[in-house]
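According to Swiss-Prot:
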| type | residues | note |
| --- | --- | --- |
| BINDING | Ser109, Leu110, Leu111, Pro112 | (6S)-5,6,7,8-tetrahydrofolate binding site |
| REGION | 287-306 | region 'Disordered' |
Amino acid sequence: MRLVLAGTPEVAVPALDALLASRHEVVAVLTRPDAAAGRGRKQVASPVALRAREAGLPLLQPEKPGGEEFLAALRELAPDACPVVAYGALVPRAALEVPRFGWLNLHFSLLPAWRGAAPVQRAVMNGDDVTGACVFQLEEGLDTGPVHASFAEPVGPTDTAGDLLSRLAVRGAGVLVEVLDAIEAGTAHAVPQPAEGVSLAPKITVEEARVDWAATATEIDRRVRGCTPEPGAWTTFRGERFKVGPVVPVPDPVPAGRIAVERKRVLVGTAQGSVVLGTVQPAGKKAMSATDWARGTRPQPGEEFS
């Protein structure tokens, strides 16, 4: 089949590679426009755009995928289907109606759980033992379409959102190809989502990524892992903001937010137990071990994170 892949971040690259290796023909790639990034605010292409250029594929980068210029280009490409992986913008009805088999979205949750932009992050922060991914038929509602295929993936006790996304992206790419094969063969069967079990996964805000030291050690661990690598869990010390890396819950009793520096570890108190702090990254600087940070900063007895 003729395909136009819609995707933007690194997590969508495995799907593009899998489609290029399949018997289907990727005739173009739809991705978000180049965006300013870094200290110099230079225009940077998305990971999918870079991979598409390497493969010599035509790129579509509209500000919104509903303009007449984009719709005309899509109609001219005449795709049979448009697979989607983390594209980053809503697709309007006019575009949904162009391919004869519609748009097939690889979503990183077991729908109807965690509909929205941050399903993996929300699953980790919620303490889910299992998550997964599914391929569903895109429609105008938010992740509401019928599901063609799905698979489960356990959430390990130290898994970050980034760890899970990497695994789901690779396995999901293969499932996406299988669904497209079934559609082409006429054997595909999509099942409507159940009305029960719906949960929403809006994008994680910067404020949500702030560590609440009045939470339990387990809750803080989940929040840090769910916000890794993006947007990054953070806290403040002496009025300065910085990111904190992996933490390990331990039973040691330390007052909430209090910093306890030991010879080989740095503890931070919580509402229940404490956490061993792994890394610290001050604004504009590289990440460093918590012990190195403590040696340089020298927290005084009784000082706290806030």
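Using N, Cα and C of the backbone, Cβ positions are placed for all residues, glycine too.
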Can you check which residue among the binding-site residues Leu110, Leu111 has the largest number of Cβ atoms within 10 Å of its own? Leu111
With DSSP, how much of the region 'Disordered' (287-306) is helix, how much strand and how much coil, in residues? 8 helix, 3 strand, 9 coil
Report, as a single number, how many Cβ atoms besides its own are within 10 Å of the Cβ of Ser109 ((6S)-5,6,7,8-tetrahydrofolate binding site). 24
For Pro112 ((6S)-5,6,7,8-tetrahydrofolate binding site), what is the tally of other C-beta atoms lying within 10 angstroms of its C-beta? 20
Not counting Ser109, Leu110, Leu111, Pro112, residues with a CB within 8 A of the CB centroid of the (6S)-5,6,7,8-tetrahydrofolate site are His107, Ala113, Trp114, Arg115, Pro119, Gly132, Cys134, Asp143, Val147, Ser150, Gln193, Gly197
Using DSSP reduced to three states, classify Ser109 ((6S)-5,6,7,8-tetrahydrofolate binding site) as helix, strand or coil. coil
